[in-house]
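**Q** One structure coming up, written as structure tokens, with questions to follow.
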Ligand SMILES: CC(=O)N[C@H]1[C@@H](OP(=O)(O)OP(=O)(O)OC[C@H]2O[C@@H](n3ccc(=O)[nH]c3=O)[C@H](O)[C@@H]2O)O[C@H](CO)[C@@H](O)[C@@H]1O[C@H](C)C(=O)N[C@@H](C)C(=O)N[C@H](CCC(=O)O)C(=O)O
Ligand SMILES: Nc1ncnc2c1ncn2[C@@H]1O[C@H](COP(=O)(O)OP(=O)(O)OP(=O)(O)O)[C@@H](O)[C@H]1O
Ligand SMILES: N[C@H](CCC[C@H](N)C(=O)O)C(=O)O
Ligand SMILES: [Mg+2]
């Protein structure tokens, strides 16, 4: 492809260098090959400018960087732009060209993965070839790939979108993390609609204030969605009002869902152990449906997903039928099994205060005994979450076991002590496997166990090493061991 065919490149650079052939693009010098465009980006740990020479040595033919960056002597042309991350995203979109016809993005502190998965499932049941992209990976009719980042970097993302189109996918739902929005990872995506779930405490290590965190999320509506695009907004969150105002101001077609919602109005919810009966009103019509998932928050996620599906052409009745057949996203209030007398054990991805509060509150109505929770907090992530989660666990659970969750470069005992400082009476069991074994062993009739924080994850990151570890596997094994002990006794 010629440089002139890439979007985002300033006209002056096109007039001088437009005929240059570009064979690929990247912001990581280690991935540069012959004929590549290299974007030298200032990051949180390093400055890509320092790797420009390395990129040229590996075959870069042009460098894009921010105005004012000091590159020194490099032997290839340099294009200076105001926002090189955005330029890279727009260029990547034009390089890979193809995107599914209907692309939607979901933002919010919690529920993105679930809503992306639910939207894909509702579309699929309505007959569309659909995909979801996010924390748990990429799912489409032809793949189920494990993922790492919630929102992939733009080059990887556009390569993936093209592959999905080539597989025949026409509809895709993706998560828009605040990091992803802030770092322009979605700027080249041709979005049909956007959605907002809620705003709580997370990532305060990255964003200076809650307002800045909210503003990063709002970029989806204020800068990325085209004028008039549907914005599905959950109406019952404390941050719904400012989000609705910003989306309206930006010219989006705001469609609200929830108890205070106009597009889909939630009227009644009756909880059962593993499902919920829900009544909603849509354009004067009453729907009574059974959602086969536990947890109030899943009703909220289901309505946002139904809203996205309806906004993109699925009739209301079909969207409601879709909700009745939903499968939870892996590791989200995921029932692993139960003890011999029926006490359930769940794995859940709550790794932030509001999520933990929600999940512990959600299981209380069907727990006649004790709520037991096992959790920890990740290292090298927002430290403010630690005492908050300690306090929430102590307030809402009867038995609290504090353990390790991806210590990364931090000292695990320090992370635990920061949680325990706000969790009087909690037990400390450093080893996560042992903590799960203990929790399962103490379960009695009527109890509910929640193992929170890692959800679908398949590894425990200690230092730079990722050791294989799955809460799902460990809980299943602990239940099996318990059964064997009971039988042997
Ligand atoms: C803090 C953060 O978000 N970092 C992301 C960011 O990296 P960065 O730009 O800050 O990178 P850096 O390490 O400072 O390096 C600066 C530049 O030098 C380049 N470099 C570096 C070394 C070298 O040899 N050559 C070279 O060219 C790097 O490629 C980079 O372009 O941009 C990279 C490319 O898009 C991401 O891979 C990287 O994600 C890291 C791995 C990460 O852990 N991110 C997490 C926090 C994250 O993004 N999470 C969100 C939200 C999760 C949620 O849902 O709650 C997500 O979307 O997953
Ligand atoms: N709508 C919601 N409101 C509050 N809590 C929720 C909601 N949906 C999910 N949760 C909680 O948050 C956890 C993560 O859910 P999910 O993976 O769907 O969210 P996410 O926004 O993708 O999170 P992440 O940013 O970590 O990828 C769940 O396991 C549950 O504990
Ligand atoms: N996407 C989240 C994942 C956190 C998962 C939790 N297990 C942890 O390690 O803190 C983040 O990067 O903050
Ligand atoms: Mg997610």
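Cβ atoms here come from the backbone N, Cα and C positions, even for glycine.
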**Q** Among 397-400, 401-404, 405-408, where does TrEMBL put the label motif 'Meso-diaminopimelate recognition motif'?
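**A** When 397-400, 401-404, 405-408 are checked in TrEMBL, motif 'Meso-diaminopimelate recognition motif' belongs to 405-408.
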**Q** Figure out which of 381, 433, 482 sits with 405, 406, 407, 408, 453, 457 in the meso-2,6-diaminopimelate site per TrEMBL.
**A** 381
**Q** Using a Cβ cut-off under 8 Å, which residues of the same chain at least 6 positions beyond either end of the motif 'Meso-diaminopimelate recognition motif' (405-408) come close to it?
**A** 351, 375-381, 415, 432, 453-454, 457, 460-463
**Q** Helix, strand or coil at residue 406 (meso-2,6-diaminopimelate binding site), per DSSP?
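**A** For residue 406 (meso-2,6-diaminopimelate binding site) - judged by DSSP and reduced to three states - the answer is coil.
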**Q** Among 111, 381, 406, 408, which binding-site residues lie by ligand 3, judged by Cβ under 6 Å to any atom?
**A** 381, 406
**Q** 111, 381, 407, 453: which of these binding-site residues put a Cβ within less than 6 Å of any ligand 2 atom?
**A** 111
**Q** Count up the helix, strand and coil residues in the domain 'Mur ligase N-terminal catalytic' (21-96) according to DSSP, in that order.
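**A** Computed counts for the domain 'Mur ligase N-terminal catalytic' (21-96) are 26 helix, 20 strand, 30 coil.
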**Q** Show me the subset of 108, 109, 114, 381, 408 whose Cα is within 10 Å of residue 217 (N6-carboxylysine); these are the binding-site residues I mean.
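**A** So the list is 108, 109.
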**Q** When you measure from the Cβ of residue 407 (meso-2,6-diaminopimelate binding site), which residues in the chain that are at least 6 apart have a Cβ under 8 Å away?
**A** 378, 379, 415, 461, 462, 463
**Q** If you run the three-state DSSP split on residue 114 (ATP binding site), which class comes out?
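**A** Going by the DSSP assignment, residue 114 (ATP binding site) falls within a helical segment, counted as helix.
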